[in-house]
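Asks: What TrEMBL lists as substrate binding site is LYS72, LYS96, SER351. Among the features that TrEMBL reports, active site, proton donor is placed at LYS108. Annotation source TrEMBL lists site 'Important for catalysis' at ASP148. Summarising the annotation, TrEMBL assigns NAD(+) binding site to THR192, ASN222.
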Amino acid sequence: MRFLLDNPIFAMACQQFDQAADLLELPQDLRERTKWPKRLVTVAVPVRMDSGEVFVFSGYRVQHHLSLGPTKGGIRYAPSVDLGEVAALAMWMSWKCALMQLPYGGAKGGVACDPGQLSRRECEALTRRYTQELISFIGARSDIPAPDLGTDEQVMAWMMDTYSTHAGFAVPEIVTGKPVPIGGSLGRREATGRGVAFLVNRAAELCKLPSSLRVIVQGFGNVGSHAALELARTGARVVGVSDRTGAIHRTDGIDLAALQQHAARHGGVRGFPEADPIDDREILLQPCDVLIPAAVERVITGEIAGKIQCRILAEGANGPTTPEADKVLAERPEIFLLPDILCNAGGVVTSYFEWVQDLQSFFWSEREVYDALYRILEEALSTILKRVGKQKSSMRMAALMIGIERVAEAKRLRGLFP
Ligand SMILES: NC(=O)C1=CN([C@@H]2O[C@H](COP(=O)(O)OP(=O)(O)OC[C@H]3O[C@@H](n4cnc5c(N)ncnc54)[C@H](OP(=O)(O)O)[C@@H]3O)[C@@H](O)[C@H]2O)C=CC1
Ligand SMILES: O=C(O)CCC(=O)C(=O)O
């Protein structure tokens, strides 16, 4: 297992864990049992490409702990995907699910590929073969995938169909984040971004900021675009947006509907005529009230953390801030941090609602989904704030401590074979 530490993202997740476990004074045996992932699955995924050639992709699924219920977490399609990255993301899922009091352990999966370079047929073939390779390892009572970076509702529909064809009947509860007509939940598509927006507005109230927040978002995919749209709906002005194609800035605010149309037509935000182009690193350093990294890991480095000019740092992405940056942020108390395992938890909480609805074959209104989601996010925020007050810790450490201690307690209560 220790070979995973060669991966910098896994090493970062472990560094965070160790720091929180030290603060919790977690006994050594429990610490070891809680830290390491339970199951690491690697699969070869052969796909006939449109060219006629067969390419073998590498696929992964990591199940971090099984102590509280099935494992839960997204499937990522990105060139960076490897076992260490997926293991780190699975670990963060564990603390996130426990923080939200969901009856799940953490998991994550993915395939090393560039989804932008795959045709629709290639993406479907890849998804179906990856799902087939995972059939013995996933299940509605054991491990339930969902969308993440580079995957969407269509990928979930193909996964559900492949699994259901194998079972001989429809198994909608095998994945969440699927289209509503085949058992998806109302509100799941927008839930992560709307959860981010809800928490940003709560943080703005706590910081006594006006509602006309200036917002910068890195990543204009599922999380970034819905966070931006929801914040704009509640009175904010989105002044900067970036994605892999580039970054744009407009002090008076960007027309998000027009930007969405442009991005759909041109494959990204680059070249949007109603805003100024800006360097994709510089965009993070522009003055704003809220900075939302909603793309990939480790973009807020120590150096960037010293230069950002926001009042709220809202981590839509998983792991966007390095431990070095956390040290810098500790010296900048004017910045209110919404840590990833809180900030982007709206996605998995709504996935939990989807799973419950599928198991019961009884579906909720969008209003019921969001009322329940915001109640859970509010409770998690208030539990973290109390912990910050009690232990004088950072928001990140408080959130991690709560998640980790719940998992450790489950392991302690369940015990070990004598
Ligand atoms: N989807 C969900 O429900 C949840 C997602 N998350 C996390 O949120 C983050 C984003 O996921 P999601 O929105 O689903 O993914 P999407 O694939 O929908 O969107 C990702 C966005 O990030 C952009 N991007 C990728 N790399 C970079 C980069 N290096 N610099 C700037 N932009 C970049 C992409 O640009 P382009 O389009 O040009 O490739 C795209 O706009 C991930 O960290 C994910 O783990 C967390 C909780 C739930
Ligand atoms: O919706 C889910 O089950 C998981 C979402 C996810 O991958 C995440 O929160 O990072």
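Using the three backbone atoms N, Cα and C, a Cβ is placed for every residue, glycine included.
TrEMBL entries are annotated by machine, without manual review.
Explain the structural surroundings of these features, please.
Replies: A 10 Å cutoff on Cβ-Cβ distances gives LYS96 (substrate binding site) a total of 29 other Cβ atoms nearby, all chains included.
Sequence-distant neighbours of LYS108 (active site, proton donor) (same chain, 6+ apart, CB under 8 A from its CB) are ARG61, VAL62, GLY73, GLY74, ILE75, ARG76, VAL86, ALA87, LEU89, ALA90, MET93, ASP148.
Classification of ASP148 (site 'Important for catalysis') by DSSP places it in coil, neither helical nor stranded.
DSSP assigns THR192 (NAD(+) binding site) to a helical segment in the three-state reduction.
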Asks: Between the Cα atoms of SER351 (substrate binding site) and THR192 (NAD(+) binding site), find the distance and write it as a whole number of Å.
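Replies: With the alpha carbons as reference points, the distance is 10 Å.
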Asks: Looking at the recorded positions LYS72, ASP148, THR192, which have a C-beta within less than 6 Å of some atom in ligand 2?
Replies: LYS72, ASP148
Asks: Any of the recorded positions LYS72, LYS96, LYS108, SER351 with a C-beta atom under 6 A from ligand 1? Give them in order, or none.
Replies: none
Asks: Considering each pair of residues in LYS72, LYS96, SER351, all listed as binding substrate, report the largest CA to CA distance in Å, no decimals.
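Replies: Answer in Å: the longest Cα-Cα distance is 13.
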Asks: Other than LYS72, LYS96, SER351, which residues of the chain come within 8 Å of the substrate site, judged by Cβ distance to the Cβ centroid of those residues?
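Replies: Apart from the listed residues, the neighbours are GLY73, MET93, CYS97, MET100, LEU102, TYR104, GLY106, ALA146, ALA345, GLY347, VAL348, VAL349, TYR352.
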Asks: Please report how many Å separate the Cα atom of ASN222 (NAD(+) binding site) from that of LYS72 (substrate binding site), as a whole number.
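Replies: Taking the Cα atoms only, ASN222 (NAD(+) binding site) lies 19 Å from LYS72 (substrate binding site).
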Asks: Would you count the other C-beta atoms found within 10 angstroms of the C-beta of LYS72 (substrate binding site) for me?
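Replies: So the Cβ neighbour count for LYS72 (substrate binding site) comes to 27.
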